[in-house]
Each structure stands twice: as structure tokens, then as C-alpha cells.
Amino acid sequence: MNALAATNRNFQKAARILGLDSKIEKSLLIPFREIKVECTIPKDDGTLVSYVGFRVQHDNARGPMKGGIRYHPEVDPDEVNALAQLMTWKTAVADIPYGGAKGGIGCTPKDLTKSELERLTRVFTQKIHDLIGVNTDVPAPDMGTNAQTMAWMLDEYSKFHGHSPAVVTGKPIDLGGSLGREAATGRGCVYATEALLAEHGKSIKGLTFAIQGFGNVGSWAARLIHERGGKVVAVSDITGAVKNPNGIDLPALLQHKEATGKLADFSGADAMDSNDLLTHDCDVLIPCALGGVLNRENAANVRAKFIIEAANHPTDPEADEILSKKGVIILPDIYANAGGVTVSYFEWVQNIQGFMWDEEKVNQELKRYMVNAFHHIKGLCQSHNCNLRMGAFTLGVNRVARATLLRGWEA
């Protein structure tokens with residue numbers, strides 16, 4: 001089942017639990033605006049090449065739309081639609097005043113030179129500049145894009161609208177980016193894990209963790225778990241996987257990855273098959289890589305008691321049912337990985353005020369938002385007698401539906 005079908009299914013379940021009117025249910029699913037533009041640039045050798053860029057703006061009932069821009073060869077409209085919708089529920093769960101959006105360009109960034117990427121980003125920004133804005137739609141980096149991409153977007157947008165640092169988030173610190181943004185998704189994920197474990201009378205200290213994906217999110221989550229006395233017993237990424245039942249020395253592994261660019265050949269752990277990571281013996285499993293990794297083939301063999309969804313949509317609905325029957329507790333993606341968009345919100349707030357925070361304040365506020373959201377989700381789980389995923393979806397959908405009704409959507 002693809003991401004769009006799964007998101008729609010979760011939304012429909014939540015709508016039934018909440019008893020939403022069918023008209024509003026239908027209206028909440030339809031995106032506010034879909035933009036598709038042609039981006040033609042000269043390559044470094046002088047030949048012209050065209051790419052298709054788009055932006056799906058899903059809902060703006062609670063505030064400006066917010067979501068990433070990805071540069072990836074398989075940027076397909078269906079997936080972008082699902083991710084834009086997911087952002088609507090995610091911002092509502094985190095209780096930040098945004099709606100959802102998502103966008104991208106169908107290209108392979110590693111095949112383009114830096115100057116070609118810059119031209120592509122500027123042309124894309126020229127085509128959508130009048131449809132984004134500080135109070136309209138605020139892009140951010142995603143797969144294949146980074147702080148430099150945001151710097152180019154900001155510069156191009158500012159040519160039309162004057163200096164507007166708040167038009168994009170995830171910027172370099174020198175251009176108004178926020179301290180703590182780099183680690184935000186991983187850190188938010190750790191705060192979420194602490195809140196969940198506390199509910200079960202446990203803490204990170206002394207538990208064992210397996211982490212799939214060692215990019216930005218996975219490496220920060222691993223580092224912070226290690227600092228809190230958790231034992232990271234297995235880690236994998238596209239280059240391979242390593243395990244150590246006594247806990248991996250994370251600072252050493254991070255140094256090794258920095259130096260060699262891969263996890264393999266690390267002296268402080270044994271190599272293992274990446275495919276076995278998800279079924280590795282551990283207390284807590286954290287998938288931080290791609291969607292759909294837990295499915296009906298492997299779900300029955302998962303040995304973890306808790307799964308923290310740091311990736312978007314890592315558990316497909318069939319796996320969800322198998323894991324629930326086994327009593328595995330899943331912390332859903334729309335809450336577990338909301339740390340990134342929460343600190344993006346802090347960056348936007350700082351830019352609008354023209355007053356920057358220190359890193360301690362950023363982390364303190366992030367913790368407050370993550371802990372509050374967890375208690376709100378728990379409250380809905382109890383009143384609707386449902387699991388955490390449905391608790392989070394009903395919380396998000398209900399907030400958006402209430403905002404929509406209060407604004408007078410039928411008029």
C-alpha cells in the first residue's frame with residue numbers, strides 16, 4: 001500500500017472515530033492548491049534541459065502552509081500529495097500554527113553540478129515566488145536539498161519581495177537559521193521516546209536500541225540516546241550494518257563514519273546483515289530511513305517492545321495490525337518526527353521578531369512542545385479507546401476540522 005492510500009486510510013478511520021460530517025471529511029482531503037511548473041536551465045556545457053517542479057499546498061485553516069522541497073528522481077504527484085496532507089496533521093498534532101504543504105523537482109541531484117543546482121533552484125523559485133510567502137507557504141529542506149538550497153531560494157525570493165528571512169526555514173545560521181535546527185528531528189524523537197517510556201515506568205538509561213538509518217536523524221538520535229545511558233546495540237544505513245550486544249561506542253562510530261563515509265569495518269562492533277536490523281533483539285526499534293520498511297513479511301519477527309517512527313510512514317497498515325496483536329507499542333510518525341517542523345516554526349518566529357534565541361532555549365521549548373503533544377495524544381487514546389496512531393490522527397484531524405468550521409467553510 002502506497003503512502004497516499006495509507007494516509008487516506010488513517011484519516012478516514014480518524015474521521016469515523018470523531019464522527020465528522022461527510023462533507024467536511026471530503027473537503028479536508030482535497031488539497032487547497034496544486035502547482036506544477038516547468039524549469040528549464042542551461043547546463044554547464046550550454047545545452048538546455050527541462051525539469052518539472054511542483055508544490056502541493058494542502059490546507060491553510062490553521063495558518064501558513066509548511067513543508068519540505070525534495071530533489072529526487074521519483075518525485076511523483078501522489079507521494080507529494082500524501083506528504084503534504086501528512087504535514088497538515090503533523091503540524092496540528094504538534095500544535096504549531098501551520099497547515100501542510102510539500103513540493104519538489106524530479107531530478108537526480110548527484111548528477112548536477114553545484115552551479116546547475118543553483119540555477120534550477122532559482123528558476124523554480126521564480127516560478128512559484130508569488131504563491132509562497134511568510135504568511136502563505138514556508139518551504140524547508142527535504143531529501144536532496146539542504147541549507148544551501150534554502151539560501152538560494154531566500155535570495156531569489158528577496159529579489160521580488162525585499163529581504164524576507166522567514167520565507168524559508170532550515171537556512172544556514174548566517175542567514176537567520178536557528179540554532180538547534182540541525183539536531184531537531186533526532187532530538188524531538190528522543191524527547192518523544194522519553195515521554196512514552198515514562199508512561200510505562202521506564203527510561204532510556206539501561207534499555208537497548210536498534211536504529212535503522214544513520215543520516216541526520218538516526219545519528220543524532222543515537223548520539224543523544226548514548227548520552228542518556230541507553231545502549232545502542234545495532235545501527236544500519238545504506239553502506240552496511242554493525243552490532244555490539246554490549247552497546248556500540250557512539251562517539252567512536254560517528255568518528256569512523258565521518259572519516260570513511262561508511263559504517264562497515266568499524267573495529268568496535270561486528271558486521272551484520274542490514275536486513276536483520278529490524279528484527280534484531282532490542283527493547284526499542286527506531287526506523288529513521290525510508291517508508292514501508294516494516295511490512296507483512298518481517299513484522300511477525302520484530303523483537304522490540306517499542307517502535308519509534310522517526311521515518312515517514314515506515315510501518316505499512318498490514319504490519320501495524322500484526323504488531324498490535326503482538327502487543328508492540330508504536331509511536332506514530334506524525335508525532336515522533338515532528339521535532340523538525342517544530343524547530344522550523346521556532347526559526348520562523350525568530351525571523352519575524354528579528355530576535356534570535358540561544359540553543360538552550362530552542363531545546364527547552366522543543367521539549368515542552370513534544371511533552372505536551374504526547375499528553376494530548378494520550379488523552380484522546382483514553383477517551384476514544386484507541387492506539388497511539390489513531391490518538392495522534394484524531395488529535396490532528398480534530399484540530400484542523402475545528403479551525404475549518406470556526407472560519408465558516410460553507411459560506
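Including glycine, each Cβ sits where the backbone N, Cα and C put it.
Curation plays no part in TrEMBL annotations; they are all automatic predictions.
As recorded in TrEMBL, the features of this protein are as follows:
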- Lys66, Lys90, Ser344: substrate binding site (BINDING)
- Lys102: active site, proton donor (ACT_SITE)
- Asp142: site 'Important for catalysis' (SITE)
- Thr185, Asn216: NAD(+) binding site (BINDING)
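This view paints the features noted in TrEMBL onto the structure.
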residue: Lys66; record: substrate binding site; CB count, 10 Å: 28
residue: Lys90; record: substrate binding site; CB count, 10 Å: 27
residue: Lys102; record: active site, proton donor; CB count, 10 Å: 29
residue: Asp142; record: site 'Important for catalysis'; CB count, 10 Å: 21
residue: Thr185; record: NAD(+) binding site; CB count, 10 Å: 24
residue: Asn216; record: NAD(+) binding site; CB count, 10 Å: 17
residue: Ser344; record: substrate binding site; CB count, 10 Å: 29
- Note on the structure: Among Lys102, Asp142, Thr185, Asn216, i.e. the recorded positions, the one with its Cα nearest that of Lys66 (substrate binding site) is Lys102
- Note on the structure: Nearest to Lys102 (active site, proton donor) by C-alpha distance, among the recorded positions Lys90, Asp142, Asn216, Ser344, is Asp142
- Inside 8 A of the center formed by the CB atoms of Lys66, Lys90, Ser344, which other residues of the chain have their CB, for the recorded substrate site? Gly67, Met87, Thr91, Ala94, Ile96, Tyr98, Gly100, Ala140, Ala338, Gly340, Val341, Thr342, Tyr345
- Cα-Cα distance linking Lys90 (substrate binding site) and Asn216 (NAD(+) binding site), given in Å to the nearest integer: 20
- Item | Greatest inter-residue Cα distance in Å for the substrate-binding set Lys66, Lys90, Ser344 | 13
- Task: Between Ser344 (substrate binding site) and Asp142 (site 'Important for catalysis'), find the distance joining the two CA atoms and give it rounded to the nearest Å.
- Result: 12
- Cα-Cα separation of Asp142 (site 'Important for catalysis') and Thr185 (NAD(+) binding site), in Å? 12
